[in-house]
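Novice: Quick paste from Swiss-Prot:
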ACT_SITE  His5  active site
BINDING   Glu25, Asp27, Asp85  Mg(2+) binding site
ACT_SITE  His41  active site, nucleophile
DISULFID  Cys45-Cys51  disulfide bond
DISULFID  Cys47-Cys190  disulfide bond
Amino acid sequence: WIMGHMVNAIEQVGEFLNLGADAIEFDFDFDKDGIAQVTHHGIPCDCGRKCTKKAIFTEYLDNIRQVTTPDDPKFREQLVLLALDLKLQRISSAKAYRAGEDVAKKLLDHYWQRGNSRARAYILLNIPLVEDYEFIRAFKDTLKNEGYESYNDKVGINFSGNEDLDKIRDVLEILGIHKQVWQADGITSCFARGTERLKEALEKRDTPGYNYINKVYAWTLVRKSIMRRSLRLGVDGVMSNNPDRVIKALKEKEFADKFRLATYNDNPWEKFRG
């Protein structure tokens, strides 16, 4: 999976898909009451990127629904995964539950259209910190209470704040989540990062019987040397400002027989058995 990073304006969706991404990540801000308002990262952000691009959250969802709906004029077959970067660290943890309710209802109304939409993308909820785990509980409670619990099959969880992996496992245990879990590791493209935690995540992913990491991705990679390093370690995904560079790396002799771009037929919640 090649995740286009910080795709927060509607016009950027096509731009990143044209560069080769099969997944996009977008940020969204909440108001003080935990209501999702806009797709927006803000300052600071990655080097060389404009930090202030934005869209109204519901309008963004309406557009991305069309882009991921077969037979729609806007349909792009390659887009199979949406990573929602939840800026929960900007609001009180006490509002995390309310935020989870709101996001679930907005997805029901604007993406899934309560069963009337054929939009097919998988959705990855990126939670910045484990202290905001009530967002996940609220999200799942809302799907159940609204009568659409089946959509849980399309939704995965990722804690993206580089926290202790055992601490993350403990929170997933509290929530009763033992599947559909990604683990991110990374840092803004402005800085270098070692591989110790990334290797630990990959080791846990590959441990038989360990159910708290199904996939691992590295972010935000812009240098080909770092992309190659991550591929050699065996990541499932790469988040990048430059998807075209990842595409070129995948075509190199070292990787061409080991990796390919994920499609809709690849389940993002299953561990890869090579």
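In case you wondered, yes, glycine gets a Cβ from its N, Cα and C as well.
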Novice: Would you mind sorting out which of Glu25, Asp27, Asp85, Cys190 (the recorded positions) have a C-alpha within 10 A of the one on Cys45 (disulfide bond)?
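Specialist: Taking Glu25, Asp27, Asp85, Cys190 one by one, the ones whose Cα falls within 10 Å of Cys45 (disulfide bond) are Cys190.
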Novice: Which of the recorded positions His41, Cys51, Cys190 has its Cα closest in space to the Cα of Glu25 (Mg(2+) binding site)?
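Specialist: Nearest listed residue in space: His41.
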Novice: Please list residues from the chain of Asp27 (Mg(2+) binding site) whose Cβ is under 8 angstroms from its Cβ, counting only those at least six apart in sequence.
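Specialist: Within the chain, Asp27 (Mg(2+) binding site) has Cβ neighbours under 8 Å at Met6, Asn8, Thr39, His40, His41, Asp85, Lys87.
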Novice: Glu25, Asp85: which of these binding-site residues has the sparsest Cβ neighbourhood within 10 Å?
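Specialist: Taking Glu25, Asp85 as the binding-site residues, the minimal 10 Å Cβ count falls on Asp85.
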Novice: Other residues near the Mg(2+) site, CB within 8 A of the CB centroid of Glu25, Asp27, Asp85?
Specialist: His5, Met6, Val7, Asn8, Phe26, Phe28, His41, Ala83, Leu84, Leu86, Asn126
Novice: Where His5 (active site) and Cys51 (disulfide bond) are concerned, what is their Cα separation in Å, rounded?
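Specialist: Distance (Cα to Cα, whole Å): 11 Å.
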Novice: Using Cβ-Cβ distances, find the residues under 8 Å from Cys190 (disulfide bond) that belong to the same chain and are at least 6 apart in sequence, listing them in sequence order.
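Specialist: Counting only residues 6 or more apart in sequence, the Cβ neighbours of Cys190 (disulfide bond) under 8 Å are Asp46, Cys47.
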Novice: What is the one among the disulfide-bonded residues Cys45, Cys47, Cys51 whose Cβ has the most other Cβ atoms less than or equal to 10 Å away?
Specialist: Cys45
